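Everything below concerns the one structure shown next.
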């Protein structure tokens, strides 16, 4: 019984992952949708964060810093990604202005215990209104990732445990598409849970019926 209770816990208590609402990142004219949730039936409230950057026309790639967080032991009380605290930590560590830190992705990539944040940092002389930003408008993402890896205090950012810090040109998809195998597994799991409680209910009703019949047969 305890096993099934554990399985149902993520459905009852809100946590960062999995996301049940569309995620909006940044503020002002740079506010954009950085993650689309399949659970949220509401229209996407802001433009895609893809509109902020001049991605490669053929591959859709763009150089970013990618930070992967392990949520297993550090996100129990959080219902959403603490963007302000993240931005504050990055800006103070790298000595850049907070408003120059542009978050492009906040994604659970189909997991309950991993959060991926992808971001870029504007150069000081970049006009933040001149969209989309080209690679030349940004501080080199690879050098940022290298500097962050060398900073021991960045093993935790915004009270979240950091798993990896990497330079990449592959942006995480705005909307995670689960594989057919994953969908089948979840369907089977739900069917097993439903079947267990159904059989348990029938057994209890049958047991009560037998006890009632025994009482009637008593002199």
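Just so it is clear, glycine is given a Cβ too, placed from its N, Cα and C backbone atoms.
Now, the feature entries from Swiss-Prot:
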type: CARBOHYD; residues: 72; note: N-linked glycosylation site
type: CARBOHYD; residues: 127; note: N-linked glycosylation site
type: SIGNAL; residues: 1-14; note: signal peptide
type: TOPO_DOM; residues: 15-182; note: topological domain 'Extracellular'
type: TOPO_DOM; residues: 204-219; note: topological domain 'Cytoplasmic'
type: TRANSMEM; residues: 183-203; note: transmembrane segment
Candidates 72, 127: member of the glycosylation sites with the richest Cβ shell (10 Å): 72
Integer Cα-Cα distance in angstrom, residue 72 (N-linked glycosylation site) to residue 127 (N-linked glycosylation site): 39
